[in-house]
Amino acid sequence: MNNAIFPNKFKAALAAQQVQIGCWSALASPITTEVLGLAGFDWLVLDGEHAPNDVTTLIPQLMALKGSASAPVVRVPTNEPVIIKRMLDIGFYNFLIPFVETQEEAARAVASTRYPPEGIRGVSVSHRANMFGTVPDYFAQSNKNITIIVQIESQLGVDNVDAIAATEGVDGIFVGPSDLAAALGHLGNASHPDVQQTIQHIFARAKAHGKPCGILAPVEADARRYLEWGATFVAVGSDLGAFRASTQKLADTFKK
């Protein structure tokens with residue numbers, strides 16, 4: 001039996017600055033996640049911050065994506081080592097860490113995903129990520145195959161973007177446009193010129209440090225603009241948004 005689970009192709013694609021088009025999975029359903037995995041996206045965020053996800057709902061979704069070319073990325077609810085450890089043990093290799101504001105917080109996220117001496121990840125010899133102990137080189141390979149993407153979505157995060165982007169082990173910078181807009185005094189209006197200028201600034205600083213940048217952009221014009229500005233991994237929609245739009249359109253068609 002071939003139990004090779006490395007290398008991490010999504011991590012390699014980010015490092016090579018290859019454009020990666022993704023989608024948000026927020027319905028906490030293995031069926032909808034499986035459908036997304038068949039659609040051809042390069043990566044999928046399984047949201048543990050704003051969606052009703054936890055370990056018990058995420059494992060079936062990971063199973064649903066087995067064999068899919070779409071790389072699963074988990075957004076953890078908070079930058080907390082025990083939560084991150086549990087996500088590692090169930091089989092996630094790609095992490096989106098919300099609300100990172102300082103270099104110290106970025107470094108803590110990285111350390112949470114690394115075994116000692118590089119980090120503080122707790123050791124279990126048999127779990128889903130190492131195929132229940134059947135991957136002989138898991139400990140040797142894991143540290144260098146984890147992807148850490150940190151989310152900048154506050155004024156303090158913007159102020160510290162250079163230090164955050166320079167943090168060793170951080171693979172990418174992701175802009176949270178809604179929270180960023182709120183932090184800048186434009187709640188509900190991520191299209192405000194001040195917000196857009198700040199997004200462009202974050203992209204530029206990430207690029208200056210050789211780090212790829214990404215964003216959630218469910219409006220096509222926004223997504224294309226961000227790609228033109230240098231974003232390399234962009235989530236262009238969500239299962240919830242697509243489901244709501246299609247069902248509303250269907251209802252409107254027959255209820256006019």
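The backbone N, Cα and C atoms fix where each Cβ goes, and this holds for glycine too.
Copied over from Swiss-Prot:
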- His50: active site, proton acceptor (ACT_SITE)
- Gln151, Ser178, Asp179: substrate binding site (BINDING)
- Glu153, Asp179: Mg(2+) binding site (BINDING)
- Arg75: site 'Transition state stabilizer' (SITE)
- Asp89: site 'Increases basicity of active site His' (SITE)
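The two recorded residues Gln151 (substrate binding site) and Arg75 (site 'Transition state stabilizer') have their Cα atoms spaced 10 Å from each other. Among the recorded positions listed here, namely His50, Arg75, Asp89, Glu153, Glu153 has its C-alpha nearest to that of Ser178 (substrate binding site). Taking Cα separation as the measure, Arg75 (site 'Transition state stabilizer') is nearest to His50 of the recorded positions His50, Glu153, Asp179.
Using a 10 angstroms CA-CA radius around Glu153 (Mg(2+) binding site), the recorded positions that qualify from His50, Asp89, Asp179 are Asp179. Counting every protein chain shown, the Cβ of His50 (active site, proton acceptor) has 12 other Cβ atoms within 10 Å. On a Cα basis, His50 (active site, proton acceptor) lies 21 Å away from Asp89 (site 'Increases basicity of active site His').
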